[in-house]
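Just below is one structure, and these are the notes that go with it.
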Amino acid sequence: MKYAAVLTTVAALASRALGAGVSGTAEGFASSATGGGSATAVYPTTTDELVSYLGDDEARVIVLSQTFDFTNTEGTTTETGCAPWGTGSACQVAINKDDWCTNYESSAPSTSVTYDNAGSLGITVNSNKSLIGEGTKGVIKGKGLRIVNGVENVIIQNIAVTDINPKYVWGGDAITINQADLVWIDHVTTARIGRQHYVLGTEADNRVTLSNNYIDGESDYSATCDGHHYWNVYLDGSSDKVTMKGNYFYKTSGRAPKVQGNTYLHAVNNYWNDNSNHAFEIGSGGYVLAEGNTFADVTAAVEDSSFEGELFSSSSDADTCSSYIGRACKANSFTNSGDLSGTTVDVLSKFKGETVATADTASTAPASNAGQGNL
């Protein structure tokens, strides 16, 4: 009887492993990402196992079925930081990372900061990995993920990354991509993050798709001191093609996204809800095609004062898109929000011949479809 029970358990575990895998395929620029492919799934049970699986050289399908809490695993640091945005209880304060306070905010009041060291640098993710959450169980708390230094072919789907030193700017990012290729992030929830929810660094990040993610900006602390997170999506690569489709931006106040460097961004069917400052910030080298997006209660859909890039988002010229991407563009929708009007046709030429995501009519669907647990 005991032998039979063991066999039953082994068979169940094997069936579970074989049944695990990525749901669907990416749209847009990272459409050929396969991650860990058909590798037999592994189920880490400790933070050390998770770090090992993500960082080794094997193609892997890694399934998260619990919370991995990195808080206090690397100790804490208490030192002097600064308060550039005010000393109110709802204001973020800054760590003096790389002498940032000293060099850039020397006139800001000094303040004592105590932060968790684990959040400062994310977990290294190597090539050919699929990181998948089981239901709503897969959570990484207190530490982010880093896809950097030549890594390629990574899929992250249906997990949550949360609680990375939310009081402290420079306290850590949720997902960092820098000098990488073929990265698909899908149905991921990020919440209560000190710095960026997503950051694509200054090296070439090539082909990236961010789809159906929930950027939850609600926080007790923010740089705008109003419970709306300012640091959200920062796209700064030297040769980047990014598809951003079906994402839900909630309670943000800026950099949602910030686009510059040499970045082609196709922003399609996203939903911005309750933004107290601005959504898009388009700097030099940012080329944005924005269509089928919904803006509700967004003070400014784009920040005019910093605009140095190029934008096509015109509903009146939507048919112009046909000559470049093979179909008319979808109109953006605005409710109690600033407008997003850009007619730079040169942007469309950047997307000609590229793998461009499909577009639906603008809607609020991402509010119920995006993030962990909504596959």
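Along the chain as shown, residues are numbered 1 onward.
Cβ coordinates come from backbone N, Cα and C, glycine included.
Taken straight from Swiss-Prot:
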SIGNAL    1-19  signal peptide
DISULFID  C82-C101  disulfide bond
DISULFID  C91-C225  disulfide bond
CARBOHYD  N128  N-linked glycosylation site
ACT_SITE  R255  active site
DISULFID  C321-C329  disulfide bond
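Feature annotations (Swiss-Prot) mapped to structure.
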residue	record	Cβ neighbours (10 Å)
C82	disulfide bond	22
C91	disulfide bond	17
C101	disulfide bond	24
N128	N-linked glycosylation site	21
C225	disulfide bond	17
R255	active site	25
C321	disulfide bond	22
C329	disulfide bond	24
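Classification of C82 (disulfide bond) by DSSP places it within a strand. Look at C321 (disulfide bond): DSSP puts it in a helix. Reported as a whole number, the C-alpha separation between N128 (N-linked glycosylation site) and R255 (active site) equals 30 Å.
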